[in-house]
Amino acid sequence: MNFLVLFFSYSIFVLPYSILVYGISKDRKCCEYGNSVDSSKILYIAGSVRKRRKTFEKKINVSNFEREGNANGYKHIDNKGIYATKQNLEFDEARNKEANENNKNDATTVNRKIIIESENKNNHNNQEQNIKDCYTNENAQNDEKNKKVKIPKVGNAMPEKKPDWFHVPAPNGEKYKKLKSDLGKLKLHTVCEEAQCPNIGECWNIGTATIMLLGDTCTRGCKFCSIKTSSKPPPPDINEPFNTAKAICEWDINYIVITSVDRDDLPDGGADHFAKTVELIKFSKPSILIECLVSDFQGNIDSIKRLALSGLDVYAHNIETVKRLQKYVRDKRANYEQSLYVLKKAKEINPNLYTKTSIMLGLGETQDEVLQTMKDARSNDIDVITFGQYLRPTKNHLNVVEYISPQMFNYYKDVGLKMGFKYIASGPLVRSSYMAGEYFMKNMVEKGRNQKNQQIKPVELKLVTELDKLTECIQKEIKHREISVFIQVHAFLVNVFVLVRA
């Protein structure tokens, strides 16, 4: 029953009105399309079942402008549905007034139209040309800035091929084979093999190798290094310090470089293991010169002190690259400031040490960044720095951004010597433990030792004379005591013999 009442009420009241509204709205569409509607009026139609139904017209006094969020501000809708800007409308009104006031003929008005339109076009073209000139000037300035400071991206596409100066013969030779067999028998690792150093044949054939302690597995994952990584590497070999000292003392060498993997899993970072190795080598062969290329020990002062006072001659730790590229190249646990801090502290703990660092080039650094790194190293009292070309060990590592020319390596060397570095090894194939640096370090350390010996020589002579006098007195005393003891023993035996006879 209720349903019927609702149906009849809807058909009587609502349906006729909706048809009426639909017809009106269809006949009187919005004047946007200009369908026979007065241009000074816009019809708004609203219909709703719930609200009171009305139709109303809103009159606009200015003209039928329609608001738009653009640069022109408004759009005009004429009877033909053609859009025009407000500026054009004002121009048309001014033109009509001028024509009516002067009462000129059609030819003059047409000519004036042409002149005005041409002037308007010229002004518009001039504005566009000025805008283009502004953009071209900005682009030219940006290009000049980019030319001045062009920072390459880390990990860019590899250059097509290596230059000629990187071609190195395959490692071979009797000393190379002997050294490799000796290392294999004693289960010792070398960074030469693990890091795929290009100088392995040249160095091993003259009896120079860089021993790697604490195993062959690193706890850090730097993006330039090919050494194995693991968060839980095997524990260090207890016999490794003894085996290393034994092997080094058997080789006919006077300079040895000892390095290690990072061992963040150990409480001291492996500093005590390192120091024991140095102490055993120095005890067996005091004349040998030892360079230790170590990790940062996470900035632990006790670890740095333990190694710095172990008897080594050169304390080396590599910065690896410029400050900006640290997070892209090195492990996140290593950083630029910490590396400089370690070298500075080692020098403060033992001023007799020579500190040394190394930087790889070709990773995307700029010349200014390299020079700034050299200044930072020198301000932290670093004595020796080396520069070498980064070479990608495998396809899974960082790409080489560029190959640095030998001329640029020589430039960095000259600038570094002027800064006050005691020595710089700089070249495409130079590495932190390259033999050219070792030759110099050997001479430099020996000069330092000779200077110390010359300073304490008079004291040593006095000590020698005093020792000679003491030894003579001791020998006389021993002889005197030996005679007295012999007499006493002889008298005792005589007395015993007499008693036995009795």
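Backbone N, Cα and C atoms are what each Cβ position is placed from, and that goes for glycine too.
These features come from Swiss-Prot:
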| type | residues | note |
| --- | --- | --- |
| BINDING | Cys192, Cys197, Cys203, Ser433 | [4Fe-4S] cluster 1 binding site |
| BINDING | Cys218, Cys222, Cys225 | [4Fe-4S] cluster 2 binding site |
| DOMAIN | 204-422 | domain 'Radical SAM core' |
| SIGNAL | 1-16 | signal peptide |
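Features recorded in Swiss-Prot, as mapped to the structure shown.
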| residue | record | Cβ within 10 Å |
| --- | --- | --- |
| Cys218 | [4Fe-4S] cluster 2 binding site | 23 |
| Cys222 | [4Fe-4S] cluster 2 binding site | 19 |
| Cys225 | [4Fe-4S] cluster 2 binding site | 23 |
Going by DSSP, is Cys218 ([4Fe-4S] cluster 2 binding site) sitting in a helix, a strand, or coil?
strand
Other same-chain residues whose Cβ falls within 8 Å of the Cβ centroid of Cys218, Cys222, Cys225, the recorded [4Fe-4S] cluster 2 site, in sequence order:
Arg220, Gly221, Phe224, Ser226, Ile227, Thr229, Val261, Asp262, Asp331
Through the lens of DSSP with three states only, how would you label Cys225 ([4Fe-4S] cluster 2 binding site)?
coil
